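Enquirer: Before I ask anything, let me first share the structure, which is written out below as structure tokens.
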Amino acid sequence: MVYTVSGIRFPVVPSPSSSVHKPSFFHGDRSRTSSLSFFLNKNHSFSRKTLAVKVSRDSDSTSSTIAESDKVLIHQDQDNSSSLTDQLETADITSEDPESVQNLEDLTLEDENKYNDDEAASSYREDEDVQPISLLEDVETHAQAETTSVSVDRKAKIEIDEDKPRIIPPPGSGKKIYDIDPFLQPHREHLDFRYQQYKRLREEIDKYEGGLDAFSRGYEKFGFTRSTTGITYREWAPGAKTAALIGDFNGWNPNADEMSRNEFGVWEIFLPNNVDGSPAIPHGSRVKIRMDTPSGIKDSIPAWIKFSVQAPGEIPYNGIYYDPPEEEKYVFKYPQPKKPKSLRIYESHVGMSSPEPKINTYTNFRDEVLLRIKKLGYNAVQIMAIQEHSYYASFGYHVTNFFAPSSRFGTPDELKSLIDRAHELGLLVLMDIVHSHASSNTLDGLNLFDGTDSHYFHPGSRGYHWMWDSRLFNYGSWEVLRYLLSNARWWLDEYKFDGFRFDGVTSMMYTHHGLEVTFTGNYGEYFGFATDVDAVVYLMLVNDVIHGLFPEAVTIGEDVSGMPAFCIPTQDGGIGFDYRLHMAIADKWIELLKKQDEDWRMGDIVHTLTNRRWLEKCVAYAESHDQALVGDKTIAFWLMDKDMYDYMALDGPSTPRIDRGIALHKMIRLITMGLGGEGYLNFMGNEFGHPEWIDFPRGDQHLPNGTIIPGNGNSYDKCRRRFDLGDADYLRYRGMQEFDQAMQHLEQRFCFMTSGHTYISRKNEDDRVIVFEKGDLVFVFNFHWTNSYSDYRVGCLYPGKYKIVLDSDDPLFGGFNRLNHAAEYFTSDVRYDDRSQSFLVYAPSRTAVVYAREP
């Protein structure tokens, strides 16, 4: 197999394996083995990022001043143009206002070509004769059926959308947060100071850069920019004494193309076109910048590089000048979907998305995985590890080249093709973006880029994350703000991503990074000297850029601390995210799974699921990629362990552990979606209880003390997804996957996650029963391990006739078929559990049943 980048031919060959240390032992340039080619590589160990908890360390005070000299002025082309308290349980009533009821006449799967939520795809079947469409159906047939030609009208619509004016609203008063949460009043001095810093920066950016719009287009000036007459290359490197552009185009001669420096530390060179009009640097050429720095002579990949690859047999990456001819550039054909009311996210990793033990590609993900995601009923795909990272096992979190999509999966244009196909299917594409830290590599990353410790990062210990072995950005630096704001905009502008999940936000917002700190909910933990005001203000600015220029874009922040006003608009004084990732839920499930059923408490489960701040939306999940990593266990593995290897065949015997595991796996997912938030996330494979963990290919680890920790022989066996298991109709995984599909389609039809009416009427510790209402749906969970209840009364608000629309005990889902789906349930005026109406049901042990009111 051979990949070609504009005449450069790189054979795909494996490299010899070598030993590496875990990231926590890496310093500076880490010895790594290269593997495969520029597009398929890396066999390394992995050290998991965590946000641990307990005692804070002393840290530098927060900087809030940006010196005038820190602002880089380019000498040409300058633009001048919960409750109100801490975490509150919504256990009683959110709203009693009736909502309009959607037509329930047909709860079967709708036409697969109806991609938008408002066209209502399916729910689980209402009667015995109608079967949901299975994922086993031929993928190519569906792909052909769903592929449509691009009409002139659709092309015109895309052009019109892109021509709409982009306006970033000015700052507001920032005072509304005190009305939303009066308990913020004692911390008004801190919050007002924070907002003043935010407003001051907005004013200075307006004054010196022509506004956030212009400021966030740094990629139009820095790095390589092409004009009709030639190529300009600019780089901010104030610590460098000399600089020269080197590469294939000039034979790597450091004397051929020396750069000039302005008074603000910006180096620049202009390369006119060749006499025949061709660019001085051919597309696909390797390029670097050579600098004489305080740390010596070093060759670095340009900080704004748009593509970076690793040659076979080499350790560091090479920057690639990526500017294909117009006829080779991918042209987007489909409009971006509108932001859905209910967000259902399929978290994925392109490299490990194949059933085969290999690194998968953008193209294969586009052709084989996207259709699977759509048919499961998700409306968004979140893609991890997009930004280039030389260390594959970092899961994409040790970023080396922030503007470059990972070359190990394919080319930038192939990534664009993937995103366009997702848009054709009506799927949002969210990017897992890393602005919380950067790789500590010095040869292919930003670390010591200009030879100084304080270029993009804080100097000294404040600029180093001791647990992640990575560098920490100085968010008080003008040029760091330009770089990161432009980076966020780049992925939205150039690649048409529909938003981001911001990684490691807790680490950003506090100088202790959330390490060894326990957040109890006391507001003093959020607003004090441990808060990095510069970082919080950056998050406010980046949300301004994203929401102002891309109104339909979604931002999700990974915050475990519970920072108040995290998901309140910046104009009102908040940080501006759309959603917070509800990380406590997954931890709670792991905590419970270490106990016997008898020790589970219904009130504890409900409290954790509903424990979120008023008016701030959350994305809930039972397990993400974190729970699947080696050293941890997925929920399925906690429940069924080694029995999964021997007792998952339908034509063979089951075990009590398997029966219990499958039943609870379904219940855990549904109650998490039902009560956990306004959005839901699932990591790929967990929808059918993937039987194994994720273990990236890695060699032996040689510790500084001489100890050798064996690796896995650089194996990809555990770095893939066995989708074939979920598709096999002779395995029990199939039923777990069918349940996930039915659950997603039920939410798609009823939008119960965002229902205006939520009421939890029962948390019975003796019966182990939880009952709650979401809109016109009534959810009944019986967590008891043996007891089934006949004529069990459940309360509800709305009178009328109810029918089963989802039953975890259905044999299609691996259940025992103890309920009659043709039965009708009529309410009576018997008041129960403080509800004006009630009806009687049969609640088998370890089941979840959803009842819908018919019009």
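Glycine too: its Cβ is placed from the backbone N, Cα and C atoms.
If you look up TrEMBL, you'll see Asp503 marked as active site, nucleophile. Feature annotation from TrEMBL assigns active site, proton donor to Glu558. Positions annotated as compositional bias 'Basic and acidic residues' by TrEMBL: 68-78. Residues or ranges marked as compositional bias 'Polar residues' in TrEMBL: 79-88. As annotated by TrEMBL, domain 'Glycosyl hydrolase family 13 catalytic' applies to 360-732. Residues or ranges marked as region 'Disordered' by TrEMBL: 57-130.
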Enquirer: Taking the Cα atoms as reference points, how far is the residue listed as 'active site, nucleophile' from the residue listed as 'active site, proton donor' in Å?
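Expert: Their Cα atoms are separated by 5 Å.
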Enquirer: Neighbour count, 10 Å Cβ-Cβ cut-off, for Asp503 (active site, nucleophile): what number do you get?
Expert: 23
Enquirer: Other than its own, how many Cβ atoms are within 10 Å of the Cβ belonging to Glu558 (active site, proton donor)?
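Expert: If we count other Cβ atoms within 10 Å of Glu558 (active site, proton donor), we arrive at 21.
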Enquirer: On the 0 to 100 pLDDT scale, where does the domain 'Glycosyl hydrolase family 13 catalytic' (360-732) sit on average?
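Expert: Mean model confidence (pLDDT) across the domain 'Glycosyl hydrolase family 13 catalytic' (360-732) is 95.
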